[in-house]
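Asker: Below, the features straight out of TrEMBL:
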TRANSMEM  12-34  transmembrane segment
TRANSMEM  46-70  transmembrane segment
TRANSMEM  82-106  transmembrane segment
TRANSMEM  156-176  transmembrane segment
TRANSMEM  254-273  transmembrane segment
TRANSMEM  285-301  transmembrane segment
TRANSMEM  307-329  transmembrane segment
TRANSMEM  359-379  transmembrane segment
DOMAIN    422-504  domain 'PTS EIIB type-1'
ACT_SITE  C444  active site, phosphocysteine intermediate
DOMAIN    551-655  domain 'PTS EIIA type-1'
Amino acid sequence: MNILSYLQKIGRALMVPVATLPAAAIMMGVGYWIDPVGWGGGSAWAAFFIKAGSAIIENMSLLFAVGVAYGMSKDKDGSAALSGLVGFLVVTTLCAPASVSMIQHIPLADVPAAFGKISNNQFIGILVGIVSAELYNRFSHVELTKALSFFSGRRLVPILVSFVMILVAFVLMYIWPLVFNALVSFGEHIQRLGSVGAGIYAFFNRLLIPVGLHHALNSVFWFDVAGINDIPKFFGGQQSIDAGTAIVGITGRYQAGFFPIMMFGLPGAALAIYQCARPENRSKVAGIMIAGAFAAFFTGITEPLEFSFMFVAPVLYFLHALLTGLSVFIAAQMHWMAGFGFSAGLVDMVLSSRNPLAVHWYMLIPQGLVFFVIYYLVFRFTIKRFNLLTPGRELAVAGDEGDGYNVDIEPPVATTRAGETQALARRYISAIGGSENLTGIDACITRLRLNVKDSSLVNESLAKNLGAQGVIRLNKESVQVIVGTRAEIIAGAMRSVLAEGPVEAARSVSQAPAAPQPAATVVDAPAARPVVVSLTSPITGEIVPLDQVPDEAFASKAVGDGVAIRPTDRLVLSPANGTLIKVFGTHHAFCLETDTGAEVIVHIGIDTVGLQGQGFTCLVEEGGKVTQGQPILELDLDYLNAHARSMISPVVVSNMDRFGAISAIASGTVVAGVTPLLDITSK
């Protein structure tokens with residue numbers, strides 16, 4: 001798995017704890033609305049709402065540890081979440097100031113300030129969650145000796161996590177202060193740069209949020225770590241002015257420029273993310289985007305929006321950091337000032353508006369409107385141009401339903417047949433030898449890639465009766481079942497079925513291979529029957545007969561009938577007019593349904609699914625209409641030729657049972673979008 005794919009996995013897992021933030025923001029916003037001056041001190045109802053919301057906000061690091069451990073676990077089991085909790089408690093207890101003082105034999109007063117906030121540091125929570133999930137995925141099925149059997153499997157993981165976290169805490173004891181102190185020194189240098197320094201600070205403030213180190217930087221600028229003390233001086237108002245500690249038009253410059261971003265910019269980003277989501281997912285994306293935008297505008301809480309794209313689209317987060325720096329620089333340069341006690345939302349803007357240090361605070365509103373447009377345009381363009389997988393744009397990632405967000409996305413037809421699919425998945429598990437024989441489930445665009453204990457227990461005839469076009473035993477522990485373009489959906493349903501409990505093997509297991517199904521014959525001359533559709537070559541390259549493809553599923557025509565091509569050019573085009581009904585998540589294959597109903601699978605290379613998307617760029621969204629010759633994929637041939645097992649690329653029709661014959665009308669060299677490749681005739 002490449003680093004981008006892993007970050008996307010983390011991003012999906014983060015949606016579990018992030019989903020709690022809108023609730024916190026709404027509760028705190030209501031509380032501040034009820035009691036905008038006393039913040040709960042003047043109203044019991046306000047106190048209820050504010051304290052309830054702050055209970056979530058103040059424990060986000062703990063929620064990250066539990067949520068990430070759960071979301072990244074392979075089967076979304078509660079034991080993984082428990083392991084995250086155990087790991088977090090161990091690390092934060094060992095790295096608490098009192099523990100550091102005891103372990104390192106230093107006075108409590110001499111313990112580095114870096115450890116003072118470690119218990120509520122989101123980076124620590126995410127780190128613990130990732131480590132806990134990886135340990136769970138590796139050891140949750142380990143069986144111990146009979147005497148220790150009670151601690152086998154999932155019960156073993158929290159124990160292992162507790163010991164591993166001792167090592168993690170030990171490393172943090174020596175690394176964390178160095179990182180913290182470096183940030184403090186950096187902040188002290190930046191304050192000497194005036195408005196430019198304010199912009200640089202804001203840029204790094206956002207950039208450090210993913211690792212939770214922005215608190216160290218904030219302490220330099222907002223509080224009295226290096227003498228700046230921007231927030232207390234601002235809220236000192238006239239007293240600060242009289243004491244000579246605050247300067248009108250200067251004090252507040254490390255706060256004011258955040259208002260346009262939090263109240264307007266990020267809601268603009270939310271609108272862009274919503275509009276770029278796939279149509280079938282927009283209603284679900286709208287919920288989290290609206291709640292996040294409300295939280296950002298009203299209270300200045302931005303985590304629900306920022307964490308929705310922070311890890312799945314890092315380039316967007318970098319642009320967000322740049323724009324934040326620009327906004328803070330503009331406000332500081334123009335001496336438009338406002339301050340906040342909680343965050344840069346509407347509540348704090350209104351509360352600070354009467355402060356004598358709030359100079360031209362109302363100008364932050366038109367500045368914010370401009371940034372709303374900028375964010376919307378920048379985010380929309382970047383998402384579309386680079387095909388970023390922001391919320392609602394993910395391709396089907398079956399089995400990841402446990403992250404609390406819309407990741408297991410299926411075409412509408414599948415959702416109307418959910419019960420049918422679950423029943424089919426259960427029968428496939430039985431055909432594989434039951435849950436006892438099944439150790440791993442994955443899927444390519446047309447096949448189930450299964451890990452088993454013994455491939456001889458697979459009931460091939462039953463699998464074919466269920467609709468499989470073929471069963472391939474690669475070795476004793478690996479089996480592939482050719483099921484067509486619903487492979488991902490069936491794989492996800494199989495995971496769901498296994499999560500509900502064990503499944504028995506089919507009672508009657510026949511090891512004899514089933515009689516091969518008749519396949520359409522490729523002939524050298526056009527068929528006499530009417531041609532239903534003519535396919536042009538989707539790839540420029542050399543024709544290779546299908547039986548020479550180094551993959552049994554394609555060579556045996558189990559996937560479908562057609563030809564193969566060895567690519568020599570980077571573009572892959574649509575072979576006909578139709579609908580792109582499936583683009584595999586790693587972009588190595590797609591399925592086109594022509595306007596006449598033929599399902600054409602274009603599979604670039606053999607076993608290229610293992611490249612995890614490297615070398616492939618998808619140019620068209622799944623579900624969209626395409627025309628013959630329209631670019632679908634762009635290939636990095638240098639990378640693919642160096643890393644793929646074979647670049648021979650099958651082009652096959654998977655539903656030939658609906659048609660009469662398929663005729664190969666090309667040989668030798670073919671040109672994408674120009675050379676006629678295959679003719680399909682009616683029955």
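Heads up, the Cβ atoms here are built off N, Cα and C, so glycines get one too.
I would like each feature placed in context: is it buried or exposed, what are its neighbours, and how far apart are things?
Answerer: A Cβ distance under 8 Å defines the sequence-distant neighbours of the transmembrane segment (82-106), meaning residues of its chain 6+ beyond its ends; these are 61-62, 65-70, 112, 115-116, 118-119, 124-125, 128-129, 131-133, 135-136, 157-158, 161-162, 164-166, 168-170, 172-173, 176.
Counting residues 6+ beyond its ends, the transmembrane segment (156-176) has Cβ neighbours under 8 Å at 79-80, 82-84, 86-87, 90-91, 94-95, 100, 103-104, 112, 114-115, 118, 124, 127-128, 131-132, 135-136, 139-140, 142, 144 in the same chain.
Sequence-remote contacts of a segment are chain residues at least 6 beyond its ends whose Cβ falls under 8 Å from one of its Cβ atoms, and for the transmembrane segment (254-273) they are 198-199, 201-202, 221-222, 228, 230-231, 234, 285, 289-290, 292-293, 296-297, 300, 302, 305-306, 308-309, 316, 320, 323-324, 327-332, 336-340, 343-346, 349, 361, 364, 367-377, 379-380, 383, 390-392.
Long-range contacts of the transmembrane segment (307-329) within its own chain (CB-CB distance under 8 A, at least 6 residues past either end) are made by residues 7-8, 10-12, 14-15, 18, 21, 195-196, 198-207, 209-210, 253-254, 256-258, 260-261, 265-266, 269, 273, 288-289, 292, 367, 371, 374-375, 378-379, 382-383, 386, 388-391, 394.
Beyond the transmembrane segment (359-379), the same-chain residues lying 6 or more positions past its ends with a Cβ under 8 Å from any Cβ of the stretch are 248-249, 256-257, 259-261, 263-269, 271-273, 276, 316, 319-320, 323, 327, 330-331, 334-338, 349, 352-353.
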